Amino acid sequence: MATTNKVYFIAGGNRGIGLSLVKELSSREGTTVFASARKPEAATELQEWSKSHPNVKTVELDVTSQQSANEAAQSVAKAVDGIDVLWLNSGICQSYYTVMEAPEEVWNAHYQTNVLGPIHVFKAFYPLLTKKKTRQVIFTSSECGSMGDFRATGFSAYGQSKAAINFTMKELSVELADEHFTFISIHPGVVKTDMNADAIKKFTETSPEMLTYLKKVTIIPEESVSSMLKVVDNLKPENNGSFYRYDGTIIPF
C-alpha cells in the first residue's frame, strides 16, 4: 500500500524508551509507526495507545529469531510500500557481573538479543528500507560499549554486546555507503526504565559508588527521546557511521 507518511519501525516499542519513541513519533503529523513486541497481547500500554492512535501498528517480533524478523517484515510489507527509519531498540541488560563472574548463559543471552537481534531485524527489513530514499537505521547502544571512553562498570556481557553492535553499525555504514544509507549508534543516557531499575537495585547491594553515579545522571524516557529525536531528525549523509550521545555529542568508539 503506497503511503506519503514518514514510516518508522521501532523494534522493541512496547516499553521504556521504545514506547516513548512510539508515543512521540505517532503524535506527529504525517507519520506511521510500527512498534514491535515479543508478545503484543501482553504489551497493554502499547495496545491502549494504538487504540487512540490509528497510525500506530503493533507487530509481533522475537529479535533472536531470523524467521520471526522475516515474518514481521512480511507483515509490514502488506501495510506499506516501504519504511523510512528503522530503529533497532530491542535489548537486554542483565549482566551485573565482572568478566570472571559472568556465567556463560549471560554472555550468550546478551549476544543473541543485543547483537544478533539487530542484525536479524536489519536483514529482514533491508528491502523495505530500499523502497524509500530516507534509509536511516538507528542502533540504540550505550556508552558502556565505548573503548575510547572506557570505564570499568561491572556490566561485562552488556558492555561487550554494545561494543559488538557498534562495530556492526560501523561495518554496515561502509558496506552500504554506495546505497545511501545513514547508520548511527546512539546512547540514550541512563534512563529511568524497568531495565535500569534492576541495575539500581543490584548496585544498591554491590557498589554504592556506582549507585550514586546512576542516581545523579538518570533521566526520564521523555527527555531521552526528545533529545535523541533532535539528533535523528537532523541527520545528514555525512553523519553516517557516527556514535552519538542522546544530546548530540560524539562518543569515541
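The backbone N, Cα and C atoms fix where each Cβ goes, glycine too.
For reference, Swiss-Prot has these:
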- Tyr158: active site, proton acceptor (ACT_SITE)
- Lys162: active site, lowers pKa of active site Tyr (ACT_SITE)
- Ile17, Ser36, Asp62, Asn89, Lys123, Tyr158, Lys162, Val191, Thr193: NADP(+) binding site (BINDING)
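Structure coloured by features recorded in Swiss-Prot.
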residue: Ile17; record: NADP(+) binding site; DSSP class: helix
residue: Asp62; record: NADP(+) binding site; DSSP class: coil
residue: Lys123; record: NADP(+) binding site; DSSP class: helix
residue: Tyr158; record: active site, proton acceptor; DSSP class: helix
residue: Thr193; record: NADP(+) binding site; DSSP class: coil
Have a look around Lys123 (NADP(+) binding site) and count the other CB atoms within 10 A of its CB, chains all included.
13
How big is the gap, in Å, between the Cα of Thr193 (NADP(+) binding site) and that of the residue listed as 'active site, proton acceptor', rounded to a whole number?
16
Nearest-integer angstrom distance between the alpha carbons (Cα) of Ile17 (NADP(+) binding site) and Lys162 (active site, lowers pKa of active site Tyr)
17
Just to be sure I understand the packing, how many Cβ atoms besides its own are within 10 Å of the Cβ of Tyr158 (active site, proton acceptor)?
26
